[in-house]
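Heads up: the structure comes next, in structure tokens.
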Amino acid sequence: MTEEKQPLLDHYQHRPGSSGRASALHPKCPGCRVAHLRDKNAPVPFKLLVLLGFVILANALPIAVVYPFLYFMIEDLHVAKRKEDIGYYAGWIGSSLMIGRMLTGVLWGVIADRYGRRKVMVCGILSVVVFNTLFGLSTSLWMALLTRFLLGGFNGMLGTVKAYASEICSEQHQTISMSMVSTMWGFGLIIGPAMGGYLAQATDFSNFSSSVISCEFFFSSLQPAIKYPNIFKSGSLFAKFPYLLQALGVLVFALIALVMCFYLPETLHKDHTSLEIDEEDTGKDHIAVESDTKEKQSESIFRNWGFISSTMVYCVWSLHDIAYTEIFSLWAVSGRSYGGLGFTSSNVGQVLAISGLSMLLFQLTLFPIFAKWLGPIRLTRVPTLVAIPILTAYPFFSKLHGNSLWAILLIASITKLILGQATFTGSFILINNSVKQAQRGAANGFSLSIVSLFKAIGPAGGGSVFAWCQTRQHTWLLPGDHLVFFFLNFFALLTALMTCKPFLPSSTAHPILE
């Protein structure tokens with residue numbers, strides 16, 4: 001073997017995470033070409049993370065953008081015989097996306113492991129381009145249900161981007177890449193409702209009682225069609241399809257993200273045996289490799305307790321988080337006689353907007369330091385425990401007024417949001433650490449399917465508990481909203497307990513060496 005080729009071979013044969021036996025890097029393998037990003041001393045690939053963050057943002061927007069106007073869209077479709085039935089139909093539309101995602105999450109994970117991460121991301125963004133736009137053109141309940149269901153069914157990229165984020169950073173930078181995923185996803189779920197509220201040409205809300213409006217999401221009071229009647233004239237396209245404008249707003253983000261997808265390198269390793277080039281091109285000194293594809297395929301993620309337990313932690317916290325999102329808005333706008341704050345929808349919007357921006361700033365600056373200090377298991381456990389006393393204090397906020405109320409509420413809301421995203425980041429790392437790289441697409445696809453079920457249950461369960469608690473304001477044990485936040489604390493404590501041994505193996509703190 002010539003001396004000139006030795007450094008190249010050394011670089012190829014010592015890939016971080018490889019077994020070091022017959023696995024070797026190959027110049028024609030797309031995963032091998034970016035393997036240097038996972039070197040121990042490799043810098044943080046900020047350019048790739050920014051591109052990936054925008055792709056995640058475009059994927060998160062269509063999920064939450066419908067919440068501000070969904071109640072009024074159902075009324076405009078004239079399917080509910082009574083006002084009381086509108087929430088029933090709105091719930092089905094809200095859940096249809098999660099049901100579609102639940103049914104196909106594993107399939108998209110398998111596709112990502114077999115054909116590549118980037119292909120799945122492109123398909124996910126294309127589903128936003130097509131089906132979210134069609135949803136904006138919906139003229140019937142069935143069209144709205146079908147387009148949301150197909151949007152979820154053809155978009156399984158959340159699990160894939162979590163796998164991808166772990167493959168473009170070294171182990172020491174995993175917290176940065178995973179925090180990018182959770183931060184941009186959470187940020188999308190915050191600004192999505194803002195877009196829906198500003199861009200949906202809903203009917204005049206002045207005919208609805210404040211209690212009905214308050215039970216919807218916080219941006220429902222925004223009325224662009226009423227504020228700008230010269231823009232939306234009678235007989236125009238947006239008058240015929242009053243919910244198309246928000247879809248076009250998401251479409252702009254999606255098209256930009258689609259272009260960005262092609263600047264993201266593929267990270268999936270191909271079967272090196274099939275990629276070996278002819279001996280005539282490399283001489284007799286070509287790199288000999290042995291494929292271990294059959295071995296990896298024979299290992300089932302369902303017999304991996306570290307993966308199963310990490311997924312269960314992720315699911316329970318997701319149920320807590322989405323139930324908190326539902327309950328917080330309902331609690332804040334409910335009257336003080338019911339233990340709420342008596343806020344307007346605009347007040348709630350201001351709280352969440354400030355909280356979201358503060359969370360984004362923290363995640364991009366101080367969070368990596370705390371994450372590195374805690375490690376993935378404690379990063380998942382500690383925030384859930386800290387959240388318990390904060391949630392316990394929420395019912396007492398109704399005793400406050402004026403600036404003191406706003407100051408305490410903002411501190412609590414910002415802290416709770418930061419803690420929630422920290423726990424998500426930790427759970428993402430645990431899931432990726434528990435499986436080999438070749439299984440991460442399928443593993444994250446499976447976790448996406450299961451968590452979609454929990455996210456479909458969370459809002460309905462949280463809303464039902466809140467409604468029931470309003471009827472027991474004067475009981476001696478956990479009256480009114482005290483029981484609501486006890487409900488949230490139960491799942492926070494359960495999440496913390498599930499991160500302890502023997503339920504969660506300590507081996508999940510570090511990635512599997514392949």
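Cβ atoms here come from the backbone N, Cα and C positions, even for glycine.
Where the annotation comes from TrEMBL, it is an automatic prediction and has not been curated.
Residues annotated as region 'Disordered' in TrEMBL: 1-24. The annotation compositional bias 'Basic and acidic residues' is assigned in TrEMBL to 1-13. If you look up TrEMBL, you'll see 48-74, 86-108, 120-139, 177-200, 243-264, 305-331, 351-370, 382-398, 404-431, 443-468, 483-504 marked as transmembrane segment. The feature domain 'Major facilitator superfamily (MFS) profile' is assigned by TrEMBL to 48-507.
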How about the transmembrane segment (382-398) and the transmembrane segment (86-108): at least 3 CB pairs under 8 Å, pairs 6 or more apart in sequence, or not?
no
Ranking 243-264, 351-370, 404-431, 483-504 by the number of C-beta pairs under 8 Å to the transmembrane segment (443-468), which range is first?
483-504
What stretch of 243-264, 351-370, 404-431, 483-504 shows the most Cβ pairs under 8 Å to the transmembrane segment (305-331)?
483-504
Give, as a single whole number between 0 and 100, the mean pLDDT over the domain 'Major facilitator superfamily (MFS) profile' (48-507).
80
